[in-house]
Amino acid sequence: MKITKLPSYRQTALIIFAGCVGLILAALYMQEVLGLHPCPLCITQRIFIIGVGLISLIAAIHNPAALGRKVYGCLATLSGVIGAGVSARHVWLQNLPEDQVPACGPDLAYMFDAFPLLDALKLLFAGDGNCADVVASFLGLSIPGWTFVAFVGLIAISVWQGLRKA
């Protein structure tokens, strides 16, 4: 039996980047073609997916030595963990009983125009009634559920990238 060689650090970083691009393209397809408008938590999840992707792209371009790999791995993992937390909150909101769903709030542009930055960020991460709607599901998981699964995968690969020797 022949043992195949694992992808290099740079190749794996590019695979992570490509995966993040694919996730964002899927989100844009759902928004623009299917007409599924993103709620504030959806947009927040996109931001953290973009964060993981950009960190991985920079890591691929830089192709650092051991310490740099740990730094990039930690940064990508941090972005992934925060994104997974936002996804988990989103799934939690979607599974609340109807009488406990928070009221619908303002849209994202209004939040950042009308409120100080920290207050707008608190509102953004809290989510609102718009975030509780399940607009589509596949194999029993809503879009935020699948995003959570994607974040778990990105976190696992990012941790491995930070810990790998070669």
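Just so you know, glycine gets a Cβ as well, placed from its N, Cα and C.
What Swiss-Prot records for this protein:
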type	residues	note
TOPO_DOM	1-12	topological domain 'Cytoplasmic'
TRANSMEM	13-29	transmembrane segment
TOPO_DOM	30-47	topological domain 'Periplasmic'
DISULFID	C39-C42	disulfide bond
TRANSMEM	48-64	transmembrane segment
TOPO_DOM	65-70	topological domain 'Cytoplasmic'
TRANSMEM	71-88	transmembrane segment
TOPO_DOM	89-145	topological domain 'Periplasmic'
DISULFID	C104-C131	disulfide bond
TRANSMEM	146-164	transmembrane segment
Per-state residue totals over the topological domain 'Cytoplasmic' (65-70) - DSSP helix, strand, coil: 5 helix, 0 strand, 1 coil
Chain-internal residues, separated by at least six, CB under 8 A from C42 (disulfide bond): A27, H90, C131, I143, P144
For the topological domain 'Periplasmic' (30-47), residues assigned helix / strand / coil by DSSP: 11 helix, 0 strand, 7 coil
Close approaches to the topological domain 'Cytoplasmic' (1-12) from elsewhere in its chain (Cβ under 8 angstroms; 6 or more beyond its ends): 59-60, 63, 69, 157, 160-161, 164, 166
Per DSSP, three-state class assigned to C131 (disulfide bond): helix
Structural state census, the topological domain 'Cytoplasmic' (1-12) (DSSP three-state): 4 helix, 0 strand, 8 coil
Beyond the flanks of the topological domain 'Cytoplasmic' (65-70) by 6 or more, those residues with Cβ under 8 Å of it: 9, 59, 161-165
Same-chain residue ranges lying at least 6 outside the topological domain 'Periplasmic' (30-47) that approach it to Cβ under 8 Å: 24, 83, 86-87, 89-90, 93, 105, 107-108, 111, 123-125, 127-128, 130-131, 133, 135-136, 143-144, 147, 151
Local Cβ density at C131 (disulfide bond) - other Cβ atoms counted within 10 Å: 24
